[in-house]
Amino acid sequence: MTDRTAELEPPAIPAQPKPPGPLKEFWNSFKENRGAVIGLCIFAAFLFIAIFAPWIAPYDASEQFRDALLQPPAWQEGGSWQFPLGTDPLGRDMLSRLLHGARFSFFIGIIVVSLSLVTGVVIGVIAGFSPKWADTLIMRVMDIILSFPSLLLALVLVAILGPSLINAMIAIAVVLQPHFVRLTRAAVMSERARDYVTAAKVAGAGRFRIMFLTVLPNCLAPIIVQAALSFSTAVLDAAALGFLGMGAQPPTPEWGTMLAEAREFLLRAWWVVTLPGVCILVTVLAINLMGDGLRDALDPKLKRS
Amino acid sequence: MLQFLFKRLLTFVPTFIGVTIISFAFIRLLPGDPILLLAGERGVAPERYAELAAQFGFDQPIWRQYLDYLGGIFQGDLGISFTTKRPVLDEFFTLFPATLELSLCAITLAVIIGIPAGVIAAVNRGKFFDQALMTTALTGYSMPIFWWALLLIIVFSSGLGWTPVSGRMSLMYFFDTPTGFMLIDSLLSGQEGAFRSAVAHLILPTVVLATIPLAVIARQTRSAMLEVLGEDYVRTARAKGLSPLRVNGLHALRNAMIPVVTVIGLSVGTLLAGAILTETIFSWPGIGKWMVDSIFRRDYQVVQGGLLLIATIVMAVNLLVDVLYGMINPKIRK
């Protein structure tokens with residue numbers, strides 16, 4: 001019977017842990033993916049290098065040392081610690097050039113993703129809210145852009161605009177932007193009929209407010225994932241354009257351009273060919289690892305792979 | 001089904017027209033006067049200029065020019081290459097078999113390795129093998145293929161001397177090429193060693209071109225398999241006592257194939273984009289290298305025609321994939 005009195009007492013509520021905030025929740029599921037965390041660390045390192053390249057790099061990216069042409073890396077015979085990763089055919093320090101190259105790659109990634117994301121999302125939201133004819137028109141235009149192989153279209157655009165890094169970035173942004181449009185439109189369409197949108201309408205929210213402040217924030221998850229993947233595509237495509245001579249022009253220490261310059265020394269000096277490629281691969285891989293993690297953490301509906 | 005087919009064909013038409021507008025606009029958007037560009041540094045006399053402008057139709061109003069261009073397309077007239085003076089369409093069909101051969105080999109390699117790799121990874125989910133395979137796949141997916149090609153050349157061509165560095169066939173052999181496919185033509189020629197030479201020239205470009213589709217197919221197969229492996233009928237099949245090979249290979253894989261087939265179909269664009277880099281590096285005489293060379297030579301009639309033809313191929317294949325997909329999977333035929 002003592003139990004009964006005990007029951008009457010207010011039960012001791014165990015201290016409920018506060019529900020994790022959205023950021024915390026995201027981080028908890030992101031950190032479960034080991035690959036994604038590794039990707040994030042590498043990305044952070046590259047970000048650091050990209051920002052501080054001029055202070056970390058031992059030399060200027062275009063400084064030439066005429067008495068040390070094609071010097072091998074320090075650990076090889078003939079190398080010295082003066083140039084830890086060797087020098088290129090013009091006697092420039094490889095390490096310094098690679099460090100500065102990180103700058104360009106990130107610059108490219110940021111600009112291209114911002115350009116294609118902003119235009120793509122705006123067009124996508126508009127398409128999602130437009131009458132059927134306008135929506136069809138917009139989507140047909142996107143279909144047209146998508147029916148050209150991306151690199152080919154970028155090459156042709158650069159041929160029109162003239163070969164330079166800026167034009168290469170514009171071209172890549174144009175090629176990547178339809179993906180954002182499609183994704184945003186699809187997300188907007190599925191959100192548009194929800195009750196909270198109707199509620200906002202009833203409350204008298206304007207069209208613009210509903211489009212960009214009510215609906216768009218709820219469509220962000222797939223867009224963020226796409227942004228990460230586009231970043232890696234941008235870095236790869238810019239390097240490919242640089243390699244074909246249609247991107248950054250020498251002596252810019254852009255990794256793809258460096259590879260193109262080094263091609264004729266393919267057989268004589270492995271380091272001038274191998275190292276820029278390793279940098280591209282590691283960066284792109286890190287971003288893709290992160291993108292996979294982001295996808296799993298933000299959008300459980302999407303397939304885990 | 002017919003209705004679905006018709007509807008899908010109907011979306012093809014505006015897209016195709018859009019593509020013709022873009023390729024038409026291309027020459028007009030180029031900075032500078034196309035005729036002055038064509039004339040080069042020597043310049044051109046005013047009478048000759050007028051003559052050339054009339055010949056290319058530049059003196060007509062723009063809509064008239066476009067209609068003429070469209071009319072030309074339907075008669076198979078895509079202009080004439082400035083450099084070779086041959087019709088663009090003829091050049092395209094001379095070079096296309098080389099790209100087709102390379103692409104078919106690449107996609108075959110990607111499928112043969114990618115699908116089993118994806119299945120094995122899915123069946124061993126979370127184990128070491130799965131992680132190793134998927135890390136490799138993601139690395140392949142992130143690969144700058146132009147660099148990958150250079151590495152393979154360093155190791156296999158110059159280091160080990162196993163494969164030639166460029167081209168499609170050793171200069172030692174000379175024979176007719178009725179089909180345009182080196183593998184077939186070299187066999188038909190009956191010359192000893194010719195076939196082996198064709199294969200040796202194909203290996204590295206195939207591996208390079210297959211890298212990204214291979215990674216995509218392996219990843220897609222794995223995720224499709226994972227989805228299917230959780231289904232009831234797979235459990236039933238297992239409960240019936242069927243061997244794992246039968247369950248995974250026959251029951252599960254067959255249903256997992258639908259998204260994978262779509263991915264394979266849609267990788268045509270990827271292949272053609274990859275062919276631009278691969279063909280340039282290996283001096284493979286296909287349409288990818290042709291396009292890049294033409295851009296550098298400012299042979300804009302070729303670029304214009306090539307752009308249209310390549311986009312049309314991509315669109316046609318996508319249409320085919322869509323229709324096939326609709327046939328396999330009635331659900332999307334709404």
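Counting begins at 1 with the first residue displayed.
Glycine is treated like the rest: Cβ placed from N, Cα and C.
Noted in TrEMBL for the protein shown:
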type	residues	note
DOMAIN	B:96-321	domain 'ABC transmembrane type-1'
TRANSMEM	B:9-30	transmembrane segment
TRANSMEM	B:100-124	transmembrane segment
TRANSMEM	B:145-165	transmembrane segment
TRANSMEM	B:198-218	transmembrane segment
TRANSMEM	B:256-282	transmembrane segment
TRANSMEM	B:302-325	transmembrane segment
Selected stretch (most C-beta pairs under 8 A with the transmembrane segment (B:145-165)) from B:9-30, B:100-124, B:198-218, B:256-282, B:302-325: B:198-218
Sequence-remote partners of the transmembrane segment (B:100-124) [C-beta within less than 8 Å, at least six residues beyond its ends]: 130, 133-134, 137, 180-183, 202, 205-207, 209-210, 213-226, 229, 244, 248-249, 253, 256, 260, 264, 267-268, 271-272, 274-275, 278-279, 284, 286
Distal contacts, the transmembrane segment (B:9-30) - CB-CB under 8 A, six or more residues away: 37, 62, 65-66, 69-70, 73, 300-301, 303-305, 307-308, 311-312, 315, 319
